[in-house]
């Protein structure tokens with residue numbers, strides 16, 4: 001059993017922290033909105049703290065899962081941040097999808113304090129978090145990875161070390177770049193099927209048995225065909241992730257024309273008041289263009 005803190009109880013962090021309790025770990029949570037932490041304690045047990053610093057005190061491992069770079073800096077380095085509560089020898093594991101730069105920044109800040117850092121963004125969405133089946137992409141030191149991997153197994157089906165600090169975030173960027181292209185292709189395929197008078201559900205059932213198969217196809221085609229877009233990762237968050245990837249691409253010289261185009265398409269869906277629709281709502285944009 002490990003003594004851990006979990007900072008950030010959003011749609012991902014809430015069930016992830018719950019899985020840690022279910023696996024027998026001693027868990028203390030903190031959330032910016034205190035009512036959410038109270039709800040979590042009522043549902044899972046464990047303890048809650050009033051500040052990130054308080055949550056981190058005495059813990060072997062501290063997990064964070066917050067919104068963006070600035071949120072991460074605040075909960076780690078702020079006046080009441082985690083860094084002021086962690087002890088030497090502890091490990092900070094960040095599940096936020098953030099920039100590789102902020103991962104390196106935090107690692108460099110806490111290294112002189114003998115606190116280890118692993119960037120560890122996840123993939124699998126809310127369903128993956130609830131079912132304990134996330135994929136975790138990690139950057140950092142092998143020994144620290146080996147220490148935290150058994151704990152992370154509470155909510156993951158795959159956790160791999162990809163390289164030094166920052167490698168986890170860079171891998172998550174690859175993940176989001178790939179998803180953008182796949183979802184746009186699926187949206188175009190369904191749009192074409194509808195325009196051609198085909199039964200889209202039957203079409204997907206057939207082609208998903210062949211080379212076109214993908215996770216997005218298997219999990220999103222029915223809701224897309226029905227025009228329902230509240231079953232997955234919100235566009236606002238996807239645009240944040242693509243923005244991070246496109247910024248990194250400008251620095252490393254990568255050319256991402258499809259990702260940049262899909263990001264623009266998502267901005268058009270936002271203009272349709274679809275900010276909280278999931279990423280499969282690219283089909284809604286195509287349907288609107290036909291009407």
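Easy rule for this one: first residue shown is 1, then count along the chain.
Cβ atoms are placed via backbone N, Cα and C, with glycine included.
Feature annotations, reproduced from Swiss-Prot:
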ACT_SITE  172  active site
BINDING   5-19, 97, 240  NAD(+) binding site
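Sequence-distant neighbours of the residue listed as 'active site' (same chain, 6+ apart, CB under 8 A from its CB) are 97, 121, 123, 137, 241. Residue 14 (NAD(+) binding site) falls within a helical segment according to DSSP. Around residue 5 (NAD(+) binding site), the same-chain residues six or more apart in sequence whose CB sits under 8 Å from its CB are 27, 28, 29, 30, 49, 55, 56, 59, 61, 62, 63, 82, listed in sequence order. A simple Cβ count within 10 Å picks out one of the binding-site residues 11, 17 as the most packed, and that one is 17. Long-range Cβ proximity for residue 14 (NAD(+) binding site), meaning a same-chain Cβ under 8 A and a gap of 6 or more residues, is found for 36, 40, 129. In this structure, residue 97 (NAD(+) binding site) belongs to neither helix nor strand by DSSP; it is coil.
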